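Here the structure is laid out as structure tokens; the discussion comes afterwards.
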Amino acid sequence: MVRFGLTVVRHGETKYNKDKILQGQGVDEPLSATGFKQAEAAGLFLSNVKFTHVFSSDLLRAKQTAATILGKNKFCKDLEIKYDARLRERKYGVAEGRPLTDLKAMAKAAGEQCPSFTPSGGETLDEVRERAKDFFDFLCRLAVELEQKEQDMHGAASRSSGTSEEQFVFPCTNHCSEAELSSGNSGTSKTLDANILVVSHGAYMRNWIGYFVSDLNCTLPANITKSQLSSVSPNTGVSHFIIKLENGNLLKPEITCVCLNQDSHL
């Protein structure tokens, strides 16, 4: 059994976020003063979680958020952040740098609705989902390889003597129901083979989580509504998942969502 934690955080606020202007991939805005405060708050919220890996979109707003979160962490301030273009925001083509209202007007003129409408030069939702799927497959392979290395080096008996489980525990709030806590963070196989932090973007994350739910039958907290599931995460909203791969089977990951887009730290 391979088991790893996945914490996904949206970047902090930028001026373009506040003004409801599309950034996509072509506008590389830094965090605003509010955005840095949000990232610091997220870092404090996650400060007791020992991450084994950190990945971030290579766009500036995500890179600054990831660095700020790690800077507040008690265990892994010096962990290398790996930047990956597969985590970039959805590309909005001609709509980038323009108000969100312009995108909605383009969609209406084309007889379509957001977010399924694709402006000229932009990415389709299927193309974004393919990027997300490719990155998640990469994470699953990474976790399997780590578990295999651990087995080769020490044998199964030493698993229990690894990193303290307390350092892996996600700081659950009232957004997390008892069912998710008991299924995701307790039991005999508590040790995680990896604990991964990913910093990305709103539309990308909504698409990725949609893939988890529709394609991989992700188990959701009982209190999640359909509108919450389809809405974009708030800036520095935190989602946490436990992924199990029975016998290292990459084709059938079992995913439990512990919390979705939670922002109690703000």
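Any Cβ shown, glycine's included, is placed from N, Cα and C.
As annotated by TrEMBL, active site, tele-phosphohistidine intermediate applies to HIS11. Non-local contacts of HIS11 (active site, tele-phosphohistidine intermediate) by the CB criterion (under 8 A, 6+ apart in sequence, same chain) comprise LEU31, GLY35, ALA39, SER57, LEU59, ARG61, ALA62, GLN64, THR65, VAL199, SER200, HIS201, ASN235, THR236.
Around the Cβ of GLU89 (active site, proton donor/acceptor), a 10 Å sphere holds 26 further Cβ atoms from the protein chains shown. The active site, proton donor/acceptor annotation in TrEMBL covers GLU89.
Non-local neighbourhood of ARG90 (substrate binding site): GLY24, GLN25, GLY122, GLU123, LEU125, VAL128, HIS201, ALA203, TYR204, ASN207, each in the same chain, at least six residues away, with C-beta under 8 Å from its C-beta. What TrEMBL lists as substrate binding site is ARG10, HIS11, GLY12, GLU13, THR14, LYS15, TYR16, ASN17, ARG61, GLU89, ARG90, LYS91, TYR92.
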(request) Determine, to the nearest whole angstrom, how far the Cα atom of GLY12 (substrate binding site) is from the Cα atom of GLU89 (active site, proton donor/acceptor). (result) 13
(request) Pick out which of the binding-site residues TYR16, TYR92 has the most other Cβ atoms within 10 Å of its own Cβ. (result) TYR92
(message) Using only C-alpha positions, which one of ARG10, THR14, TYR16 is spatially nearest GLU89 (active site, proton donor/acceptor)? These are the binding-site residues in the record.
(response) ARG10
